[in-house]
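Pulled from Swiss-Prot, these are the features on record:
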type	residues	note
BINDING	58-59, 136, 182-184, 202, 207, 245-246, 266-270, 276-277, 325, 495	NAD(+) binding site
ACT_SITE	413	active site
């Protein structure tokens, strides 16, 4: 019997999970308490999209395979010694092995399939049988911090859009987008922070209401005319969650000859079965059809995606700055016959890659104490250590003022190779001397400079043609394991869906110890350095210059790097 024919072991409406706060340990040390708390934090109802189903974000991105596996992971982390390592296979704890104190306490592999079988059809069959779990990026690797996790990256993208297309001034301009889930929900706040107004189309009213409660969206509308009136009449940037179907609304704007200034999308188009509502379907009808005829759902969803992408292309032809925001909607439309679906660029090659060349990406940390003051103190420390970056300081000020913490207090801050280790050492010292009430964990999104291969997103259009080479995230995971990250993860299919990406993650616990300081020195240098290495190897001059300045040893490039010092 499959788990969908019987009672679904992934669903338990009686559960409410929240991470412990304070200094009292359930585990034997902070090195095992840290992954325990972050796993639980991923399932906090203030953090996760559907916590009763173990779904954290991104369609069906889960923290554990089922509730039995979750309970067993918790049990093992509570008894795990500091010379043991827990292995987790697609959300299931499968082994505990002797290692050493500087090895990772947890090693995670999620959603990985042999390439020939790396598609949604095969994954869904395994998923039905309880043999796999979709880990997305930070869901199954236990370092999701709510929508804040993508706010700064989205903000940086919109700032870059304003610079490239509007001479740096977004005043009076507006963005059209779709999706207000765990990732897409960051768009309205990021957009208004960057000076744009925004209409974000969402078919699930509960998601709009959640973004209203948490301050990520300003107003709700139930018709396009109402949404347009709100942004037209406002003297300041305003965001509107519009209840509707993205394909319908995007097409209506084309028909009415209304052209936004910027067009993008963050629906869960990467997962046509679970993540995208076909035109003309209700939420309840879609839920029923997923149980009755999965193929029909996928077919209808992809057909609607094609309609939406065609509308995006039409709006682009009328002058809208149009970009793919990494959900693989262009690929889905291409498969449905929209031959020029890739005529608008992905956000990474268009706006983010120069940052990746310097190892700059979504560095994040969380306060295991649960006390917001610990985050505010680390915010100030970042300003002290990076004094000459007013853009970064402005971000930290806006984040404190406008971003509500979800679950354990956390912060996202895009910094690169030259700063990550320094910040980690400073945070560790703050724990050691008692400035912070409990240890800090430092991690990142898998969307980072050296940790992902995703030809339709992070590695789209690499200058040497190496878009699909996935050796790089494997090397990143191996190096972070060797360096002593507290937990390391290796996933497949995050962001863009099965068959289209491989990526790795790491988290390191700053517990104030000298051993932690040594691990931080290795991990928080090596991790971003792999991104600089990867881009230098692909031929990017910015990356080569950074490699030379930071003294990286890249055997095939060292002679060239000497000339750049």
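Glycine is treated like the rest: Cβ placed from N, Cα and C.
It should be emphasised that the depicted structure is a prediction, and the values quoted were computed from it without experimental measurement.
Overlay of Swiss-Prot feature records on the structure.
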residue: 58; record: NAD(+) binding site; Cβ contacts under 8 Å, 6 or more apart: 136, 137, 139, 181, 182, 183, 268, 270, 271, 275, 494, 495
residue: 202; record: NAD(+) binding site; Cβ contacts under 8 Å, 6 or more apart: 178, 179, 180, 184, 208, 241, 242, 243, 244
residue: 246; record: NAD(+) binding site; Cβ contacts under 8 Å, 6 or more apart: 178, 179, 201, 203, 265, 267, 308
residue: 276; record: NAD(+) binding site; Cβ contacts under 8 Å, 6 or more apart: 267, 268, 269, 301, 304, 305
residue: 413; record: active site; Cβ contacts under 8 Å, 6 or more apart: 152, 363, 364, 382, 392, 395, 396
If you count the C-beta atoms lying within 10 Å of each candidate's C-beta, which of the binding-site residues 182, 495 ends up with the smallest number? 495
Measure from the Cβ of residue 268 (NAD(+) binding site) and count the other Cβ atoms within 10 Å, all protein chains considered. 28
